Amino acid sequence: MAGGAIVNTGRGKEYPGKMTLFVFLASLVASSGGLIFGYDIGISGGVTSMEPFLVKFFPSVLEKEKEDTSTNQYCKFDSPLLTAFTSSLYLAALVASFFASTVTRVFGRKWSMFAGGITFLAGSAINGAAENVFTLILGRILLGIGVGFANQSVPLYLSEMAPARLRGMLNIGFQLMITVGILAASLINYGTAKISGGWGWRVSLALAAVPAAMITVGSLILPDTPNSLIERGYDDRAKVMLQKIRGTDDIQSEYDDIVAASEDAKTVQHPWSNIMKRKYRPQLTMSILIPFFQQLTGINVIMFYAPVLFKTIGFGSDASLMSAVITGLVNMFATFVSIATVDKFGRRVLFLEGGTQMIISQIIVGTLIGIKFGTSGEATLSKEYAFFVVLFICVFVSAFAWSWGPMGWLVPSEIFPLEIRSAGQAINVSVNMFFTFVIGQFFLSMLCHMKFGLFYFFAGWEMVMTIFIALFLPETKNVPIEEMVPVWKRHWFWGKFIDDEDVHV
């Protein structure tokens, strides 16, 4: 496929479209939906390692931690109730994304973002004022509904607003905001843990209202995407909007493609049963396997439990919050690498390079921990040794941050035809949340039983996913979003699922 031009069943097609300030600002506001998700990932690990928080809600965990004089570092914090606190959010998000799919399709992408912001706001208020475990978990569930709505609508919104040549870059704004949220949360935890009155955790939880307010207010001023306007029958408004976001009046060709895609979409009564059709097999496979693999990289384990993990490896509690800040910084800066390269080198290059780098660093981290802690889990690490563990964890995090992190949200949001796009994205979010939940729920006991082998377990999965991408994912850079079908048709494996009459451009 030639550099910028898109080869299409015999006729090349390149839409005009530069980066307009309008698109940039709209994408910036929409990406702030990633802040709520990132803030949450970053905040829960830190809060659950704060003593006053545990005293109030999970005294049994704290007692166990105090009684636990054994120095076995693998089995430190294992409380099903505590993991239920962290994980309840992901189950709520899983269920919510299916409802969000309908809202996104019927009312437009921006109202899904608004719904996400409002529920997240309510959740952060309840959590900040929580007096018992019930209110705490209720707050988490509301936060989860917010995350489900935002994660379902924001990547779609970004992929539809962006000109094809810049779609990767603008879409990764979402992942960048997730990393900013994680970093901000780590810094806030670092500060609030030092509050002497023991109410620092309230500040951490209540501050989630800040990113929630940003996306709530932001969604009210956001314009709708042309694709969504046409899908809902506002053709004239869509044309004006397309001219505005492309910064040119020469949009007829792209407009016609969106209208054609929308006509296809109107014939589909039930996107859910439709997505099961043979011709959508490649997209369906990707929307299930990409988020499944994204969670099995082991990243969430490192991010969620960074403070706990570092505390477990034998850092003090202050040092462990600090190391979480370091991994948060690496995560954020490495995401810029993918922003700079994704539309130039393509999605596959980042997937394959990042995958390889993750395999190597996971094996090294597992080995470093294995050498010291063995299977007994008892050891003290020297400063230098601990530095190397953190170093290779950072090498791992950076690889994830320019490969599976952003690509896991970008690729599924750009491969679906309009008629099943909203349903496809809901599958992507719910699979992602389901495995985030499963891994969050079982990670601590897996660490306890598998010991350092857990890192090898993830490395094994990283090997599987890298081979999968190499064989089965075609390159989608620079392809207009409504013209993805020919890309799959030309693929050595997926081509046979798509009949010639399904490729109409």
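For all residues, glycine too, the Cβ spot is worked out from N, Cα and C.
Listed in TrEMBL:
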- 21-39: transmembrane segment (TRANSMEM)
- 26-477: domain 'Major facilitator superfamily (MFS) profile' (DOMAIN)
- 81-99: transmembrane segment (TRANSMEM)
- 111-130: transmembrane segment (TRANSMEM)
- 136-158: transmembrane segment (TRANSMEM)
- 170-193: transmembrane segment (TRANSMEM)
- 199-222: transmembrane segment (TRANSMEM)
- 284-308: transmembrane segment (TRANSMEM)
- 320-342: transmembrane segment (TRANSMEM)
- 349-373: transmembrane segment (TRANSMEM)
- 385-405: transmembrane segment (TRANSMEM)
- 426-447: transmembrane segment (TRANSMEM)
- 453-473: transmembrane segment (TRANSMEM)
Within-chain partners of the transmembrane segment (170-193) [C-beta distance under 8 Å, separation at least 6 from its ends]: 23-24, 27-28, 30-43, 46-47, 50, 154-155, 158-159, 161-162, 200-201, 203-204, 207, 211, 303, 306-307, 317-318, 321-322, 324-325, 328-329, 331-332, 335-336, 338-339, 342, 401, 405-406, 409-410, 413-414
Among the ranges 21-39, 111-130, 349-373, 385-405, the one whose Cβ pairs under 8 Å to the transmembrane segment (136-158) are most numerous: 111-130
Recorded stretch that, among 21-39, 111-130, 320-342, 385-405, has the most CB pairs under 8 Å to the transmembrane segment (349-373): 385-405
The transmembrane segment (385-405) versus listed stretches 21-39, 81-99, 111-130, 199-222, 320-342: most Cβ pairs under 8 Å: 320-342
Averaged pLDDT, computed only over the residues in the domain 'Major facilitator superfamily (MFS) profile' (26-477): 84
